[in-house]
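Engineer: Input: one structure, supplied below.
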Amino acid sequence: MRENYSKLDRVEMSIWESIELLNSFIDDSDPDLDEPQIEHLLQTAEAIRKDYPDEDWLHLTGLIHDLGKVLLHPSFGELPQWAVVGDTFPVGCAFDECNVHFKYFKENPDYYNPKYNTKCGIYSEGCGLENVLMSWGHDDYMYLVAKKNKTTLPSAALFIIRYHSFYPLHKHGAYQYLLNEEDKENLKWLHVFNKYDLYSKSKVRIDVEKVKQYYLSLIEKVQMAAHKHLVEPHMTSFPSAFLVGGKERRETTI
């Protein structure tokens, strides 16, 4: 799946176009909300913006964290929901009992493979999550997209995007032995983000037109900051051009 999707050769669109594409989807794994995904993205971003007005990188992270769910769309292969959403977990080491529906993990042959069923399995303690293979889903796809497009989002933002569905870690504290020091620092931001991802959900609808201009201006701001980053590499900046096309279209490509 990673080899196939990391080619980024399917669709080229703007960030906002990608957000609107999700408007036709409802995440079946989410028990708390029956609204289209655009509602969740905006509710998350707006809640973060209210409490962290100066952390605009975190606003944008809230807005884009679930854009990997475009994998549900026919243009991206129309993967089934079970292959796109839901909890993620490491493979190649023992499955922790806090993994959702753990009893079914016994149906996986890896459960009995002595190469994989020890605490660290094929990894070493403190190796860092960057070196750990996770189950496939929208998190890892969006992370691949960001990395392939050479985003300059801060490390904490990429960590949030890649591991926000890794509930065994950030909800139950499992797999901590795999973390390195950078992971531990980034996990603090994931804990901050998590309360907005989970608990910002509301039946109160977001006025999209009212907030759209702010996010478009933020996208434009960080795009220009990314250009400046080439001249001043000490800056913490991140571009709006980061997503799915095989070619880079500098006017906010996704």
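For all residues, glycine too, the Cβ spot is worked out from N, Cα and C.
Reproduced below are the annotations present in TrEMBL:
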- HIS40, HIS65, ASP66, HIS138, HIS164, ASP197: Fe cation binding site (BINDING)
Engineer: In sequence order, which same-chain residues at least six apart have a C-beta under 8 angstroms from HIS65 (Fe cation binding site)?
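Structural biologist: HIS65 (Fe cation binding site) has long-range Cβ partners LEU41, THR44, MET142, ILE160, ILE161, HIS164, PHE193, ASP197.
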Engineer: Among all chains shown, work out which of the binding-site residues ASP66, ASP197 has the most CB atoms within 10 A of its CB.
Structural biologist: ASP66
Engineer: With every protein chain in view, what's the tally of Cβ atoms within 10 Å of the Cβ of HIS164 (Fe cation binding site), excluding that atom itself?
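Structural biologist: Summing over all protein chains shown, HIS164 (Fe cation binding site) has 22 other Cβ atoms within 10 Å.
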Engineer: Take the mean position of the Cβ atoms of HIS40, HIS65, ASP66, HIS138, HIS164, ASP197, the recorded Fe cation site. Which other residues of that chain put their Cβ within 8 Å of it?
Structural biologist: LEU41, THR44, LYS69, ASP139, SER165
